[in-house]
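Asker: After the structure tokens below, expect a handful of questions from me.
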Amino acid sequence: MIGTHYVYWLLFALMMIGLYVVISHGNLLKKLIGLTLFQVGVFLFFISIGKVDGGSAPIVSDDVETYSHPLPQVLILTAIVVGVATLAVGLGLAVRIFETYGTVEEEDVLERDTTP
Amino acid sequence: MTAHLPALQVLVPLGCAPLCLLLRRFRTVTWLVFLLAALSSLACAVLLATRVDDGPLHYEMGGWPAPYGIEFVVAGFNTPVLLVVSVVAVVAAVYARRSVGDEVDDRRAPLVYTCLCLTLTGLLGLTVTGDVFNAFVFLEISSLSTYALIAMGRRRRALLASFRYLVIGTVGATFVLIGIGFAYAVTGTLNMADLADRLTDLDGNRALYAAVVFVFVGLAVKMAVFPLHAWLPAAYGEAPSAVSTFLAAASTKVAIYVFCRFAFTVFGAGLVFTTMPVGEVGLLLAALAMLVGSAAACFQRDLKYLLAWSSVAQIGYIVAGISLATAAGVSAGYLHVINHAVIKGALFGAAGLLVLRLGSARLDDLAGLGRRMPWTFAAIVVTGLGLVGVPPTAGFASKWALVSALLDAGAWPVLVAVLASSLLALVYVGRIVEAAWFRDPPADLPADQPRAPVSMVAAVWALVLLSVYFGIDASLPGGLADAAAAALLGTGGA
């Protein structure tokens, strides 16, 4: 099981590391880093689904018999764009929060709101 | 032209979004563009709703046939959602002109309309799509523009509320993506109808169970089901009033529809509700959501936060109905989707009127204003009674349907939670009434305040009257809800 499916174990470990960073860190930028790690884990998971044993890159050529499945790669291209957009909005918000509060630590932000 | 209605439903708002951005020098024009986008989606939704009686409509995007290309499907199960989203969008558009003008600075106002167009696109696309990966993309379109909209709230707290929603919302959407990945890995297809066909041969596949769990946990974040509701109160409480009116009425409802779509027409009721205990878990979480949401609403000091917590409880009612997986239960859930959208839209709109006049919606600031602002508070009381479920309001109609569905299924503990939550709703609506009518107004209240803009009052009262109408004559929403339940549970699905 582990021998043949080690990729999935690695990728889910990567996702969980990302998710743990999101939950455990109060720094907004570190949260975004964790979020990106988590998403990248999912992207790799999709791409590894599409890998065919002995398959070549899905570019049509006379020398190649087996191709890897191209569709997951195309899907992930879209998902990467979504991920980049999310990261951009997240960083934009972090910048606004820094400009407004002078900090990107979640606890400090909350403290500054309760003591006006 | 009419053959392309399912595509136009989504493409017109999508095209209007960059138009708003290009015309950002002319603030009124950008508002008009959003209003036109909303009106066109309403026209499409009405036309589509009249056509689905003869059976579901399938639209092949770009002419690519169904299992390979992306398919849009319009059937009994999504026309009610299309109508709710587009009606609320029109009302929010009428409401937004003065509300956004007051709460958002002039430079950003065109961006609000751009993001509203994109949110509308995402929500409508999520509703009509028949492709699971396309659903993920539309989910992210609506979510990303929602984060930006919430961040434009008038207080600085809006920024952190938006950031927190971004983090938890993205985790939720990524969970949905993992689930889609599992489903794709075991079937090799992304088309919803095709998935449903191929999944029937896969009984007992563990990757499939994982797919169900990931998709539903991810959607639960977007639906704000207890205990994944933490983002909702701050997000709705801090967003600009026009935005919270639109989102509170439309966005969680679409996520609930997507849950139904996945549960009944992709994974199948047999797998989801018989093999896996999604129904039991849903009923448990729904009961907890009703109690926690209503109880938390009783302790809020800000009217918008109070309404947002009440939404958490009301989503519990809807989830309870759907989790029963009976025709009566799903129909009650849909009925409450419609009624709650109308009621909560009106209430958030009324809260926005208070923000416009008073600069805040804190309950303490409302003291004694019942006589100063009779129309606004009358709207709050009429729709507030709908939240409690007093006859003959719309809330009563859907709660009655839910209670009889729960009785049929013998779900007594949930029934107790519904009744307890209704009593708590009486308490929190009572607190607003108490503040507005039974407290003395502050002595330094200026005698002549500016009058509330007619457009905003008209938008709020349109929803109030609609909710009263749905309470007296529930045949229209009831018929839509029954058709939706029949399409989901029967063979007339996708």
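Just so you know, the numbers here start at 1 and follow the chain as drawn.
Just so you know, glycine gets a Cβ as well, placed from its N, Cα and C.
Because TrEMBL annotations are produced automatically, they should be read as predictions rather than curated entries.
Sharing the feature lines straight out of TrEMBL:
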DOMAIN    B:130-423  domain 'NADH:quinone oxidoreductase/Mrp antiporter transmembrane'
TRANSMEM  B:6-23  transmembrane segment
TRANSMEM  B:30-52  transmembrane segment
TRANSMEM  B:72-96  transmembrane segment
TRANSMEM  B:108-126  transmembrane segment
TRANSMEM  B:165-187  transmembrane segment
TRANSMEM  B:207-233  transmembrane segment
TRANSMEM  B:254-275  transmembrane segment
TRANSMEM  B:306-328  transmembrane segment
TRANSMEM  B:334-356  transmembrane segment
TRANSMEM  B:377-398  transmembrane segment
TRANSMEM  B:410-433  transmembrane segment
TRANSMEM  B:454-472  transmembrane segment
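Walk me through the surroundings of each of these features.
Answerer: Proximity of distant same-chain residues to the transmembrane segment (B:30-52), defined by a Cβ-Cβ separation under 8 Å and at least 6 residues beyond the stretch ends, is recorded for 2, 5-6, 8-9, 12-13, 16, 19-20, 23-24, 74-76, 79, 82-83, 85-87, 89-90, 92-94, 96-97, 100, 109-110, 113-114, 116-117, 120, 124, 480, 483.
Listed by sequence, the residues of this chain that lie at least six past the ends of the transmembrane segment (B:108-126) yet keep a Cβ under 8 A from its Cβ atoms are 9-10, 13-14, 16-18, 20-21, 23-24, 27, 30-31, 33-34, 37-38, 41, 82, 85-86, 89, 92-93, 96, 100-101, 134-135, 137-146, 148-149, 152, 240, 242-243, 246-247, 250-251, 254, 257-258.
Outside the transmembrane segment (B:165-187), and at least 6 residues removed from its termini, the chain residues within Cβ reach (under 8 Å) are 132-133, 135-136, 139-140, 143, 146-147, 150, 194-195, 198-199, 202, 205, 207-208, 210-222, 228, 230-231, 234-235, 266.
Counting residues 6+ beyond its ends, the transmembrane segment (B:207-233) has Cβ neighbours under 8 Å at 139, 143, 161, 164-165, 168-169, 171-183, 185-186, 199, 251-252, 255-256, 258-259, 262-263, 267, 271-272, 276, 278, 282, 285-286, 288-289, 292-293, 296, 305, 308-309, 311-312, 315-316, 319 in the same chain.
Non-local neighbours of the transmembrane segment (B:306-328) in the same chain are 223-226, 229, 232-237, 244, 248, 252, 256, 259-260, 263-264, 269, 272-273, 278-283, 285-294, 296-297, 300, 334, 336-337, 340, 344, 347-348, 351, 363, 387, 398-399, 401-402, 404-406, 408-409, 411, 414, 417-418, 421, 424-425, 428, 431-432, 482, 485-486, 489; each lies 6+ residues outside the stretch with a CB under 8 Å from one of its CB atoms.
For the transmembrane segment (B:334-356), the residues of the chain that approach it from at least six positions outside its boundaries are 80-81, 84, 88, 91-92, 95, 98-99, 102-103, 154, 236, 241-242, 244-246, 248-250, 253, 256-257, 303-304, 307, 310-311, 314, 317-318, 321, 366, 369, 373, 376-377, 379-380, 383-384, 386-387, 394-395, 397-399, 401-402, 452-453, 456-457, 459-461, 463-464, 466-467, 470, 474, 477-478, 480-481, 484-485, judged by C-beta separation under 8 angstroms.
Beyond the ends of the transmembrane segment (B:410-433), by six or more residues, the same chain brings 283, 286-288, 290-291, 293-295, 297-298, 300, 303, 306, 310, 313, 316-317, 320, 324, 363, 366, 370, 380-381, 384-385, 387-389, 399, 402-403 to within a C-beta distance below 8 angstroms of the stretch.
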